[in-house]
2 protein chains.
Amino acid sequence: MHLVLTSRILGILLMIFSLAMLPPVVISLIYQDGGTEAFGIAFAINVIAGFILWYPARRYRKELSVRDGFFVTLMFWLVLGLFGAFPLMLSDHPGLSFTDAFFESLSGLTTTGATVITGLDDLPHSILFYRQQLQWLGGMGIIVLAVAILPMLGIGGMQLYRAETPGPMKDSKLTPRITETAKALWYIYLSLTVACAVGYWIAGMNVFDAICHSFATVAIGGFSTHDASMGYFNSAAIELICVFFMIISAFNFSLHFLSWRRGSFIYYWKDPETRFFLGILALAVIITGLTLATTQAYSETDSWRHALFGVVSVATTTGFGIGDFSSWPSYLPFLVFSLAFIGGCAGSTGGGMKVIRTLLVYKQGLREIRRLLHPNAVIPIKVGRKPVPDRVIEAVWGFFSVYIITFIGLQIGLLMSGLDMVTAWSAVGACINNLGPGLGEVAANYGEINDPAKWILSAAMLLGRLEIFTVLVLFIPDFWER
Amino acid sequence: MHLVLTSRILGILLMIFSLAMLPPVVISLIYQDGGTEAFGIAFAINVIAGFILWYPARRYRKELSVRDGFFVTLMFWLVLGLFGAFPLMLSDHPGLSFTDAFFESLSGLTTTGATVITGLDDLPHSILFYRQQLQWLGGMGIIVLAVAILPMLGIGGMQLYRAETPGPMKDSKLTPRITETAKALWYIYLSLTVACAVGYWIAGMNVFDAICHSFATVAIGGFSTHDASMGYFNSAAIELICVFFMIISAFNFSLHFLSWRRGSFIYYWKDPETRFFLGILALAVIITGLTLATTQAYSETDSWRHALFGVVSVATTTGFGIGDFSSWPSYLPFLVFSLAFIGGCAGSTGGGMKVIRTLLVYKQGLREIRRLLHPNAVIPIKVGRKPVPDRVIEAVWGFFSVYIITFIGLQIGLLMSGLDMVTAWSAVGACINNLGPGLGEVAANYGEINDPAKWILSAAMLLGRLEIFTVLVLFIPDFWER
Ligand SMILES: [K+]
Ligand SMILES: [K+]
């Protein structure tokens with residue numbers, strides 16, 4: 001561990017992050033919403049804190065080790081979550097407590113989209129823009145993390161994607177590869193955002209809402225500038241655009257990179273994870289639509305509209321709403337919510353356990369049943385036509401095991417804080433899968449639950465976003481040994 | 001598949017099973033409780049049905065193949081569950097419907113212990129005895145299944161125990177090994193039952209209750225002759241005896257065999273699964289006792305008494321009660337109920353996923369975290385001092401995967417039938433883990449839930465008892481090919 005190096009990096013990071021306070025300043029000046037001061041102070045705090053971290057360590061230059069990588073990754077979200085909370089505390093509206101502000105800030109940066117705020121429609125434009133921007137920046141971070149860092153660290157089977165990572169791969173050191181890859185990915189990310197915003201604007205949103213919602217869409221974040229979320233616009237065109245970009249953003253960004261560089265869409269279709277993902281979505285939409293129509297929860301047209309939007313929003317772990325899926329009849333809330341555990345594809349801004357891991361887990365189950373009949377046959381697990389190395393499957397299972405143990409621990413914590421069973425289970429699920437809305441008391445909003453529960457759920461968001469291992473590895477004694 | 005052979009075996013089985021109707025006949029004559037006729041008719045039905053299955057196939061002799069093994073194992077429980085239901089339908093008290101009678105009968109035979117009957121204290125003695133006897137017979141079947149059959153079929157990693165199975169092992173054919181092993185195991189099982197019954201009797205139960213409860217204890221069944229279950233006796237001595245025999249019955253019966261043959265108790269302590277199991281129990285009792293005492297749910301002494309009995313009863317998947325753990329404060333119902341997912345040791349009458357599988361899953365999780373820091377190190381997973389073959393770990397994970405998929409499918413079924421989330425989740429958990437009592441609407445009794453739900457839960461009991469694979473393997477097309 002190079003703590004001095006870490007300090008230098010975090011200092012630089014904070015100083016760069018302080019720039020994120022400036023667009024809201026501009027917006028507060030345009031709309032005269034009174035937010036200028038809060039963002040000004042927050043800017044100063046970030047710059048000063050960044051400088052204090054950076055200055056003593058400024059001449060310290062070393063390559064990042066893998067251990068440093070884990071630590072910096074965790075600190076990236078933790079420190080930004082903390083300093084990102086300032087405007088939400090300093091502004092009179094919403095004027096959140098420290099707990100609430102940290103929860104909201106981390107929920108933004110981890111692209112979870114769980115909110116403690118009600119009355120969004122009445123908030124200053126600068127605050128609204130800032131929340132959306134937090135998600136967008138968080139999404140950027142995740143793309144780099146998921147495409148460039150996790151495969152290299154080999155977390156939970158993600159070494160599977162090592163060879164496919166764009167950018168120079170032969171180099172064994174972290175820094176140059178990340179910089180190179182990051183540029184290409186951010187370019188794609190930015191293009192998607194612009195396309196999405198233009199789409200929303202053409203479909204009828206005003207410029208402010210179009211930009212704000214495009215941020216939350218490509219980041220698979222789910223924050224909105226309205227309490228009614230996407231339902232506010234009541235527009236089938238907007239919903240379709242949203243569905244399209246939610247799905248696109250839940251694809252592996254390596255595929256976007258590949259398709260863009262080689263000018264062909266065939267790579268999406270050739271990818272087994274993407275196909276499996278689309279298959280699950282299609283199946284879930286059909287089941288949900290049929291059930292909604294037959295139970296007459298909505299009119300027939302509306303049933304399909306709600307089914308499509310609701311399923312895609314939850315399955316991609318975006319969490320936008322045009323209605324409240326948690327009040328759908330019978331088994332639908334459970335079924336739809338369960339899709340968030342599968343989540344988006346690896347290397348996307350989506351949360352959950354990732355489609356590829358689910359696919360491997362499913363194939364392993366099938367293989368074991370076959371093996372009972374053919375005990376001596378060698379049955380490789382294949383994704384596409386390539387056999388998956390045992391090492392990867394072991395890692396996926398290790399991930400799964402730790403995921404479940406962590407989940408149960410967090411759920412017990414919430415139950416101790418006083419939440420009921422359904423709320424506790426779904427709140428952990430909604431946060432660890434970076435989905436946002438849950439069931440029961442947290443179907444719409446996290447404002448009413450107790451403070452200890454909010455801290456536990458903050459931990460859940462962070463654990464989920466960093467694929468759990470990145471956090472847990474810091475707790476084993478080996479990590480801190482020389 | 002040799003259907004004729006299967007028919008012969010099931011015919012013989014049914015004719016033997018018909019003998020199970022005779023002790024209740026004797027008891028109904030002693031107590032003059034009016035059950036004689038019902039059991040007489042049931043006896044006749046069993047004998048006749050058995051004869052019809054056996055007679056045409058009586059000259060057909062072939063060795064059982066592995067496929068036949070799967071089929072016969074499933075049919076064993078299914079056919080006995082069906083024919084075992086007759087007395088419960090035919091008797092005026094309780095005079096159950098077909099659905100209820102099948103549920104109750106299968107719940108007995110699978111040692112689940114979920115009951116649809118209330119007013120146990122007023123039922124005829126013959127019926128009460130019969131229910132307990134179903135559990136005892138089911139427990140016998142499981143011991144043979146778990147110690148002799150599953151390791152050979154290699155279900156869910158149970159090949160780990162192949163070398164340790166008592167009896168002649170070199171032989172590759174099913175029949176002689178099973179017969180040999182079965183005799184030794186039943187001897188142990190019978191001895192434990194007698195010891196337990198004598199213990200209960202000395203501690204103050206009458207002879208009838210002592211025998212009945214000893215059946216349900218060593219079978220880890222949990223049926224009782226009283227609505228208040230073990231709470232009826234309100235005796236610390238009886239509870240301690242019960243705790244002791246629940247734990248003993250949740251140990252691997254191979255260890256009992258080994259200890260008995262070699263005259264030493266060291267084998268229990270040397271077994272890593274047993275140690276892990278006792279460790280979990282101790283930890284859970286301490287946490288539960290402390291929480292009950294601090295929340296003042298009971299007096300201090302009663303807190304520890306309830307913690308010890310409740311934790312052991314649920315963790316071993318017995319399901320006896322001296323109080324209602326589902327109404328314990330805060331996180332306790334969830335925590336205690338979760339222990340049933342771990343369940344008893346492999347090769348015991350206990351349900352759940354089995355301690356050894358949990359241990360391996362946990363070790364795999366730890367290994368993956370270590371591997372992040374030492375990516376090139378070879379880190380074997382060891383149980384005791386022996387490294388576990390990769391093949392076994394893969395099989396355990398396959399089991400886990402199929403278990404979860406099955407669980408979610410069953411839960412969706414229950415939600416469709418109209419149950420609420422907590423009831424649906426805990427009912428599946430209570431039945432697939434062969435525990436018995438759940439949470440919510442099924443905390444004490446399954447009588448009030450709808451009929452489709454009862455059929456789904458019957459499937460859950462059967463799937464759980466047969467380690468899921470034994471059932472699912474019949475649904476893959478390969479199975480039925482020549
Ligand atoms: K989200
Ligand atoms: K039981």
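Count begins at 1; order follows the chain as displayed.
Any Cβ shown, glycine's included, is placed from N, Cα and C.
TrEMBL: automatically predicted annotations, no manual curation.
Under the heading transmembrane segment, TrEMBL lists B:12-32, B:38-57, B:69-90, B:136-163, B:184-202, B:237-256, B:276-295, B:331-353, B:395-416, B:455-476.
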Look at every Cβ pair spanning the transmembrane segment (B:455-476) and the transmembrane segment (B:136-163), keep those 6 or more apart in sequence, and say whether at least 3 of them are under 8 Å.
yes
Distant-in-sequence neighbours of the transmembrane segment (B:38-57), which means Cβ under 8 A and at least six residues beyond its ends:
4-5, 7-8, 10-18, 21-22, 24-25, 28, 83, 86-87, 90-92, 126, 130
Looking only at residues six or more beyond either end of the transmembrane segment (B:331-353), which have a C-beta under 8 A from one in the stretch?
111-112, 139, 142-143, 146-147, 158, 160-161, 218-221, 249-254, 273-274, 277, 280, 284, 287-288, 291-292, 310-311, 314-318, 325, 399-400, 403, 426, 429-430, 433-435, 438-439, 464-465
In the same chain, which residue numbers or ranges, 6 or more beyond the ends of the transmembrane segment (B:395-416), come under 8 angstroms Cβ to Cβ?
154-159, 353, 357, 360-361, 364, 423-425, 427-429, 432, 452-453, 456-457, 459-460, 463, 467-469, 472
The transmembrane segment (B:276-295): which same-chain residues, six or more beyond its ends, come within Cβ distance under 8 Å?
247, 250-251, 303-304, 306-308, 310-312, 315, 328-332, 335-336, 339, 342, 344-345, 355, 358-359
Quick test of the contact rule: Cβ under 8 Å, at least six residues beyond the ends. What residues does that give for the transmembrane segment (B:12-32)?
39-40, 42-43, 46-47, 49-51, 53-54, 76, 79-80, 83-84, 87, 124-127, 129-130, 133-134, 137
